[in-house]
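> Take a look at this one; I'll ask things after.
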Amino acid sequence: MGRFFKRNKLKRAAQSLASVLVTLLLLVTLTFFLGQVMPVDVVSRLVGPDADQATYQATYERLGLDQPIIVQFGIYISRMVQGDFGTALLTGHQVLDDIIRVFPATVELGTLALLIGAGIGVPLGVLAAVQRNRSADHIIRIVTLLGHSVPIFWIGLMGLLLFYSYLGWVGGGGRVEIYYEGLVETRTGLLLVDSLLAGDTEVFWSAVRHIILPATVLGYASMASLCRLTRSFMIDQLSQEYITAARVKGVSEWNVVWHHAFRNIRVQLLTVIALTYGSMLEGAVLIETIFAWPGFGQYLTNNLLLGDMNAIMVCVLLVGVIFITLNMLADLLYKIFDPRTVQ
Amino acid sequence: MSAQASQGPAKRKKVAFLDREATSVTEAFLQRLLVGIHTFLSNGLAVAGLTIILLLIAVAAFAPWMATHDPNLQNLSMALKPPSSANWFGTDEYGRDIFSRIVYGSRVTLYIVTLVTITVGPIGLIVGTVSGYFGGMVDMIVMRITDLFLAFPGLILTLTFVAILGPGLEQAVLAIALTGWPAIARLARAETMTIRSSDYIAAARLQGASSLRIIFGSIIPVCLSSVIVRLTLGMASVILTAAGLGFLGLGAQPPTPEWGAMTSAGREYMLDSWWLVTAPGVAIMVVSLAFNLFGDGLRDVLDPKSK
């Protein structure tokens, strides 16, 4: 019997791996064909408008554009497998290098935002579930509904106006004050960590003053959805019979909520949080534009406005890979931590 | 019917319309409709949402009469004036009246929401039900494609499509619709799979109904309520996405009075003239909140089990 389960599990793992691989392959295909239909002449972008016909032709052939489309697709895939993602058309930089350079800034912002969102959203969701249909629940409902309805770029602008321009409590655009720029050696790319490692508290506090507003704004949207989900998970648990049993036994309300009910939603919650982390990228596109945050979102937006298709396609590919990975991770977390799925 | 009525009209009268057993399809429908309306009306927030949406439609329809100024008329001597009795929400950097621009902007918002919804709904519904009903190869291909779409945060995929299509209002609508249908298709598919093997579908099949007839006559009507709920809740995010595109300069182009683009244009002058970004942002928020509230209320009525 044990053996049967094991084989079954292996088969299931293989199936899910296969479906992930198919999705990845589709993703690469999609970016390739999107690149094909882009209304941009890659060659003239590379050689410049003044190049003569021979240079144009040479570059055209070097890029393999004279080959049939299937062959081009093959070349594209084989280059990807070798880790060559091409260069940005306008700067000539390797796109992958560019992305590696800007990505830590987004990770730093997104992680802090997630901490804020989960740190506030989860307790609020529990409170709303416990106080179901009472005034606290209604207030929390309105706060979260606003989080779903308010344009994130607008909150960012209003935050800047209030806390930066009028009150002067936080820093403006960028990651630190301009005169601190480049003072701290880059080790992790996370400025908060780097400045602490270097022991430079002045830069650290400047970085804190700059990240706190964008991270809070970005966290608000995730706070709203995490709060709503926590509430519905908790209501599910609190209406179960084991909760009544615990109450009858005389377990204190605090223990009923946190030690009985909350323990049982942790796995679900962890899965949802993992997925929320990925959706930070979406908000980051807008938030980074407003706060002049030199991260992935700003890089993507800039390239969108410039029409640099190579860079855009690599960005899209990366976002897809991140999402697929997070989805897999969430599945995995569920399987590892949910005792019911452990054989 | 008439015999029954003459037998005990006195007895019948005492039973309220809603408590008595429906004797016809129309009656059952009317009963459900009444219960639904009652449930909806007892939800104050949902009614508020519906009221705002109706107001929005009215404002859009009567924009020329509501607006106090020509929304595109520039008057540089009146530039960046704070809110006053002449310009209720102030004026922008070209001296255009912001209130009038917001009024006309409601047309743009409604245009986007309507167009996206009427494309995404039918496409998602048909793809989802067909894929769920037939299963097998068709289903697998459709599922992989929707997987791919759902593997992205909406805005980023929309941005990519806009990059291909170019900036502009119609392109933004198309891009949002292209990203929107998979979620609906998934929902419709899931509903289809749960009812596919039920008795009444089997009965229809035994009567010799064609697949097309079964899908359109027996499956789609059942899926419709949850799809409508999802579409309504989705309208809020359509508004936010469209505003985000406008804000990034990839959606509606100036001088179209689109709220997101207005916010973006006002950014430069924001520190001295706060009203430039405040008014359009509030407009986006109120409308998107209204669709969320309305959608929530609608869900309680149409799709109570998914609450």
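Yeah, the Cβs are placed from backbone N, Cα and C, and that goes for glycine too.
Remember, TrEMBL labels are computer predictions, not curated facts.
The transmembrane segment annotation in TrEMBL covers B:40-67, B:110-136, B:148-166, B:172-189, B:210-229, B:235-252, B:273-294. Look at TrEMBL and you will find B:106-295 tagged as domain 'ABC transmembrane type-1'.
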> Under 8 Å, at least three CB pairs between the transmembrane segment (B:273-294) and the transmembrane segment (B:210-229) (pairs 6 or more apart)?
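Counting Cβ pairs under 8 Å, fewer than 3, so no.
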> Give the one range among B:40-67, B:148-166, B:172-189, B:210-229, B:235-252 whose Cβ atoms make the most pairs under 8 Å with those of the transmembrane segment (B:110-136).
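By the under-8 Å Cβ criterion, the transmembrane segment (B:110-136) pairs most with B:172-189.
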> Could you tell me whether the transmembrane segment (B:235-252) and the transmembrane segment (B:172-189) have 3+ CB pairs under 8 A, leaving out pairs under 6 positions apart?
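Answer yes, regions in contact.
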